Amino acid sequence: MEGCCSSCISVIQRKQCHDHYWACCRPDPRVRLPARSILRHRAFRDLTLTGNTRWFSALIVLVAVHSIGLFLLNSFGVITLEAEPFPWLASIVGGLIFGWAMVYAGGCATGTYYRAGEGLVGSWFALIFYALFSAVMKLGPLAGFTEGIRGITLDNGSLQASTGNSPWVFVAVISAVAIWLTVHHKRKLKAPMATLPPRKTGLAHLLTEKRWNPFATAVVIGIIATIAWPLSAATGRNSGLGITTPSANLAGYLTTGDTQLIDWGVMLVIGILVGSFIAAKASGEFRVRVPDKGTIIKSIIGGIGMGVGAAIAGGCIAGNAMVSTAQFEYQGWVSMVFMIVGSGIAAKVSIKPKKSQAAAPAAESRTV
């Protein structure tokens, strides 16, 4: 049961990358997926770099679906949503660091897992250092610093706690916003897109070739995220999808052998990695690709920054921008805002268009 949610997420997220490439960019079946894949961090980067709101709007739809599921489960006593204070300083600092770092790493935490499963060596480095520094910040010598900065809090850490309103008021509001955003983008999604003839049929075509509507995909992931809660709770872990703490626990187990660190969350991240590999092999897109030295260095720096930032902020995009936001916790919304700011700063610094570079062909990774 532990691998169910993670395998589904791996397939769905990889399919979004494949959809864009297969429909728009892929002239030859032997040509690999470009590095600029559609990842969840791109929703943040594009928002500040190009003003494109499509993927961020899909994220809001995901949060709306997740919030409906969470509060239904809470109402029926299936799970217990616990009130938490608001670590305001950690949310700001950690969000900024994580947002900046994921641009250098080439993807968010979840994206790094599934890109590693595809064979991207740069993501291998980013993943190793992300997990390592998550452990350093949460379990190792800097755990005291993390605890200290996260101990600077404000009471009433959620909208419902600070206003006294039912959470269903906010569920209704975000659901209305999600519906409006879906309608707003509907016309653009209907625009014709060049496609190549399908090479597969049936389920294989659906999972590896057919283009999925991003808003429909958001609904599916929102449902998977909701299902994750009772599955996790059944093992004694009262939480949903999360990447940072499980990654820290996995690194801690690998270095200490402490089996108490192995829980549902660790199985989740292992499942994402394995599921991504299976999906890549099934679609014929798995390749071990070795980037240049500069990209590897950036990946390492990005992985370190993601581990530090996510530990301080209390989560990555999954933990904060998807799970905490769905509970209407200030931590999630504030962290998400500063992740957007951080990714925007990094994107404008590192992805500035240059005329000299525009005329030059892009360097390709070496394929092993």
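The backbone N, Cα and C atoms fix where each Cβ goes, and this holds for glycine too.
Listed in TrEMBL for this protein:
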type: TRANSMEM; residues: 55-76; note: transmembrane segment
type: TRANSMEM; residues: 88-107; note: transmembrane segment
type: TRANSMEM; residues: 119-137; note: transmembrane segment
type: TRANSMEM; residues: 166-183; note: transmembrane segment
type: TRANSMEM; residues: 212-231; note: transmembrane segment
type: TRANSMEM; residues: 261-280; note: transmembrane segment
type: TRANSMEM; residues: 300-324; note: transmembrane segment
type: TRANSMEM; residues: 330-347; note: transmembrane segment
Determine which recorded stretch among 88-107, 119-137, 166-183, 212-231, 330-347 has the most C-beta pairs below 8 angstroms with the transmembrane segment (55-76).
212-231
Mark yes when the transmembrane segment (119-137) and the transmembrane segment (300-324) have three or more Cβ pairs under 8 Å (sequence separation 6 or more) and no when they do not.
yes
